[in-house]
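**Student:** Below, the features straight out of TrEMBL:
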- 1-440: domain 'Major facilitator superfamily (MFS) profile' (DOMAIN)
- 45-62: transmembrane segment (TRANSMEM)
- 74-98: transmembrane segment (TRANSMEM)
- 126-145: transmembrane segment (TRANSMEM)
- 152-174: transmembrane segment (TRANSMEM)
- 199-218: region 'Disordered' (REGION)
- 304-323: transmembrane segment (TRANSMEM)
- 355-373: transmembrane segment (TRANSMEM)
- 385-404: transmembrane segment (TRANSMEM)
- 416-436: transmembrane segment (TRANSMEM)
Amino acid sequence: MFAASGPLIVTLGSGMTVGFSAVLLPQLKDDRSTIKISSHQESWIASMAALPMAAGSVLGGMAMDRLGRKTTNLLICVPFVLGWTAVSMATGVTGVYVGRLMTGLSTGLLGPPTAVYIAEVTEQRYRGAALAMISFSVSAGILAVHTMGTFLGWRLVSALCSAVPFAGYVLIWFTPESPVWLREDEERRHRRQTAAVCDHASGGVPSKPPPEIDSQPPLSTVKPTARQCFSRPSFLGPLAVLSTFFFVQQFSGVNAVAFYSVTLLKRVGPDLNEYHCTMALDVIRLAVSVLACGLTKRYGRRPLAVVSAVGTCVSLLCLAASVRDSGTPATAGSVAVHAVPAPAATASLAPVMSIVAYMVFVNIGLVPLPWIMSGEMFPGYCRELGSGLSTCFGFVMFYAVIQISPYLLTNIGTSITFYIFGTVSGVGALFLYLCLPETKNKSMEDST
């Protein structure tokens, strides 16, 4: 658990990256801001961190194969600190762009090596809870940055955020390298040594290895190339299942509901402060993330995933039924304004209860499990590639939902949008029940 603590601390920075735009944009739009932004620049600042996440996850998977899990996690901390520092010291919108781009890239880089490293250094009985703490760290980071943003300016908030990856760097420095990667590295060195001795003994002509090398215990077969991996069902099967899992996760509407839920809460209590509403939802998300750590230790991955998807489906359908869209023409930037509760729902708690139920169900399974299983499902010969590609697909879907959700909410209405998300969750529950393998309490070899 100490070995896992370093990457988990850095993962706090990923949550802060996701939640920082909610702090940054309102303050930049304030009349007293020293940096003035247009609506076009506002949208770029909001999406700039999400743009490089997918590419970062692929690069992270490649780096941890070549450099090792520990070294990769150490290197990721550097652009993370520099990105937050660039935002804090920005004198114009370009500096904000650069900082957001670097923190987004670092978030993408961090995904594969963190999940794989934690999966490889923890015991089977603790692995699920340790991996579930990735989701907890993200939730804690979002809550922390929103809390700081309620009381502090965005420059000071970003400066404080830069201390998080720095602290993670110090912790990672004192933790060991993954034993799985050390074994693979030893095998690579052994193969190079064997080839060099053979070439030297034969004057460049291939020959049989000397007896002292040939008599050593046999090591595993040579690691296949990426092209060879794509021809193996043991790689393609987990990649297809996990990519579909990430699709269900993102199109269950996590980001869309989080965006709209503040408006629903304020309709129940019109005098509620927007920041306080956001922090209340962050606390719920964090509490459920703690619950998820315990549930993943006690229950299997597949039953948790199915229960989460079914509960998410039901809560979204209830939320869709409890709101209706007014006849006022929708315009860009007014997505949530035109969604009002169903008749007599001004005094009803149905939308609020639906949101709370949704956040409970989606965060006990659909949110943490794909990230957990990205470090468990793939065979050792392609774990880095599989984890990198699957998380890359997850980040692509994350960006797609960010871009599509406002369009759906504006053009087809809030209720129908939530019906769509609920349907995706329901179909996803059936898929997960039929196709998702169980990896709880299995060794890294058995779980594949």
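Every residue, even glycine, has its Cβ placed from backbone N, Cα and C.
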**Student:** Looking only at the domain 'Major facilitator superfamily (MFS) profile' (1-440), report the model's average pLDDT.
**Tutor:** 82
**Student:** If we call contact 3 or more Cβ pairs under 8 Å (sequence gap 6 or more), are the transmembrane segment (416-436) and the transmembrane segment (126-145) touching?
**Tutor:** no
**Student:** Under an 8 Å Cβ to Cβ limit, what residues of the same chain, 6 or more beyond the ends of the transmembrane segment (45-62), are close to it?
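**Tutor:** Cβ under 8 Å, 6 or more out: 17-18, 20-21, 24-25, 28, 37, 72, 76, 93, 96-97, 100-101, 103-113, 384-389, 391-396, 398-399, 402-403.
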**Student:** Apart from its near flanks, which chain residues at least 6 from the ends of the transmembrane segment (126-145) lie with a Cβ under 8 angstroms of it?
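**Tutor:** Sequence-remote neighbours of the transmembrane segment (126-145) are 1, 4, 8-9, 11-20, 23, 114-115, 118-119, 157, 161, 164, 279, 282-283, 285-286, 288-290, 292-297, 301, 363, 367-368, 371-372, 375-376, 440.
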